[in-house]
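Peer 1: Take this structure, written in structure tokens, and hold onto it; I'll ask about it next.
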Amino acid sequence: MLTMGTALSQQVDANWQTYIMIAVYFLILMLLAFTYKQATGNLSEYMLGGRSIGPYITALSAGASDMSGWMIMGLPGSVYSTGLSAMWITIGLTLGAYINYFVVAPRLRVYTELAGDAITLPDFFKNRLNDKNNVLKIISGLIIVVFFTLYTHSGFVSGGKLFESAFGLDYHFGLILVAFIVIFYTFFGGYLAVSITDFFQGVIMLIAMVMVPIVAMMNLNGWGTFHDVAAMKPTNLNLFKGLSFIGIISLFSWGLGYFGQPHIIVRFMSIKSHKMLPKARRLGISWMAVGLLGAVAVGLTGIAFVPAYHIKLEDPETLFIVMSQVLFHPLVGGFLLAAILAAIMSTISSQLLVTSSSLTEDFYKLIRGEEKAKTDQKEFVMIGRLSVLVVAIVAIAIAWNPNDTILNLVGNAWAGFGASFSPLVLFALYWKGLTRAGAVSGMVSGALVVIVWIAWIKPLAHINEIFGLYEIIPGFIVSVIVTYVVSKLTKKPGAFVETDLNKVRDIVREK
């Protein structure tokens, strides 16, 4: 019986082409960074690409930065372990992303420009609610920094696992290598480089997610592979088996998080015009649906693949790595490993840039002042670059000793943003009665409920399954209630809010 490490190490040692393919991929990313470095003369260009991004880059960069290593490693591993029932999460995510394009994207693109040309979510909240004391901006900025540092560390864990599994290299070496490349092109190239590389990486990811399950089926039993998977364990192809109502709701509820994920909705803020969003939506949702179905297919075919090839799979989340190395020529295998790196690094780079934006725009600018920011753009761009480096170092330190699955790490951070920001974004875009006190209270209560649920409530799931509910649900509900109630009880905003909301609505309706 082959162990994953020995089989793959022998194969990679014998085929240097794999290394060449990875090296070429890294070189392309670094060249892109240098190419777009000149387009980062001011803070808006470095952080938001000057709001000049087209629909196709918007679509694939949003998808690539959203899915991360979770789509290629986490989801196939979950399907391999639990069967088709893990697909509920893909249904929830696809529906959430689709609604996001309709409900959030157009208004956010228009409103952020109208509200003082805000380039970060906290900056938008501040301008939307006339937060002269910057309380809302500081708290929302802190939430971004804390949760994104945790989120980014999950990407570094994925990178370390990849090099450890595929090449038999030390986990820490892989972690540092991935970190270096991501930091390099984010540090120098800014938002435009990140968006272009995400587009490029999104294409690679899609090809990989279609290719691997098809070739696996061709090498197994064709469409009969699914019959074999069901024969091994009937529940493997049952969408409901093994899941309670609480389990289904928990997986489905991942879609709630989309409205408040800063690294995703910033893509809507940077598109050239809200009129381009329908094109972006059609491509983005199609890419997502095909990619997620491919990931599910990898997991299902993997159930038959592992015993057929006598492989001892020690970590289900490395299933895609194993299949790509065993089934393909080293050059193609190298391309597929590049797809995993694409998934990992596209998300890390987007998260680093959003966190850097928050540290620079929401904190450093408060210290240096608005006038200084207008007169010395180079200083602020440099602070943005240094912030990328600082956040990455902290995330690497946390990832140095991984102690959880990629899916759990991503899930915790996703819930944190979903409960903190999703209700607030929706209220800010649609409700004239939202107040600063309501926004702060709802945002903080949502974040606290998520933290408390993870730390103290979820461990009680063995007592009653309700305690195992995905933390985004109680966090989202509490945030909505608190935001609404506190807003009703506090001083109403000025008439300018209703005027702005009406203006945003009218602009969005323009064809």
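Just so it is clear, glycine is given a Cβ too, placed from its N, Cα and C backbone atoms.
Annotation comment: Swiss-Prot describes 16-36, 53-73, 84-104, 138-158, 173-193, 199-219, 239-259, 326-346, 380-400, 409-429, 437-457, 466-486 (among others) as transmembrane segment.
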Peer 1: Test the contact criterion for the transmembrane segment (173-193) and the transmembrane segment (16-36): 3 or more CB pairs under 8 Å, pairs 6 or more apart in sequence, then answer yes or no.
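Peer 2: Result for the transmembrane segment (173-193) with the transmembrane segment (16-36) is yes.
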Peer 1: What stretch of 138-158, 239-259, 409-429, 466-486 shows the most Cβ pairs under 8 Å to the transmembrane segment (326-346)?
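Peer 2: Against the transmembrane segment (326-346), the leading stretch is 138-158.
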Peer 1: Apart from its near flanks, which chain residues at least 6 from the ends of the transmembrane segment (437-457) lie with a Cβ under 8 angstroms of it?
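Peer 2: Same-chain contacts beyond the flanks: 125, 129, 135-136, 139-140, 143, 147, 412, 415-416, 419-421, 423-424, 427-428, 467, 469, 471-472, 474-476, 478-480, 482-488, 490-491.
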Peer 1: Who are the long-range neighbours of the transmembrane segment (409-429) in its own chain, taking Cβ under 8 Å and residues 6 or more past its ends?
Peer 2: 68, 70, 74, 103-104, 107-108, 111, 121, 124-125, 128-129, 140, 143, 146-148, 150-151, 153-154, 157, 254, 256-262, 265, 438-439, 442-444, 446-447, 449-451, 454, 470-472, 474-476, 478-480, 483-484, 487, 504
Peer 1: In the same chain, who gets a Cβ under 8 Å from the transmembrane segment (53-73) while lying at least 6 residues past its ends?
Peer 2: 97, 154-155, 158-159, 161-162, 192, 194-196, 198-199, 201-203, 205, 208-209, 261, 263-264, 267-268, 270-272, 276-277, 279-284, 287-288, 291-292, 295, 317-321, 339-340, 342-344, 346-351, 406-407, 410
Peer 1: May I ask you to check whether the transmembrane segment (466-486) and the transmembrane segment (239-259) make contact, with contact taken as at least three Cβ pairs under 8 Å and only pairs 6 or more apart in sequence counted?
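Peer 2: Stretch pair touches.
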Peer 1: Which residues of the same chain, at least 6 past either end of the transmembrane segment (84-104), have a Cβ under 8 Å from a Cβ in it?
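Peer 2: That would be 66, 75, 78, 235-243, 247-248, 251-259, 264-265, 268, 277, 280-281, 284-285, 288-289, 292-293, 295-296, 299-300, 425-426, 429.
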Peer 1: Can you tell me which of 16-36, 138-158, 239-259 gets the most C-beta pairs within less than 8 Å of the transmembrane segment (380-400)?
Peer 2: 138-158
Peer 1: By Cβ distance under 8 Å, which residues at least 6 away from the ends of the transmembrane segment (239-259) in the same chain are close to it?
Peer 2: 82-89, 91-97, 99-100, 103-104, 265, 411, 414-415, 417-418, 421-423, 425-426, 465-466, 468-470, 472-473, 476
Peer 1: Can you name the far-off residues of the same chain, 6+ from the ends of the transmembrane segment (138-158), with a Cβ under 8 Å from a Cβ of it?
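Peer 2: Same-chain contacts beyond the ends: 68-69, 73, 120-122, 125, 175, 178-179, 262-263, 340, 343-345, 347-348, 351-352, 354-355, 358-359, 362-363, 366, 391-392, 394-396, 398-399, 402, 406, 409-410, 412-414, 416-417, 420-421, 440, 443-444, 447.
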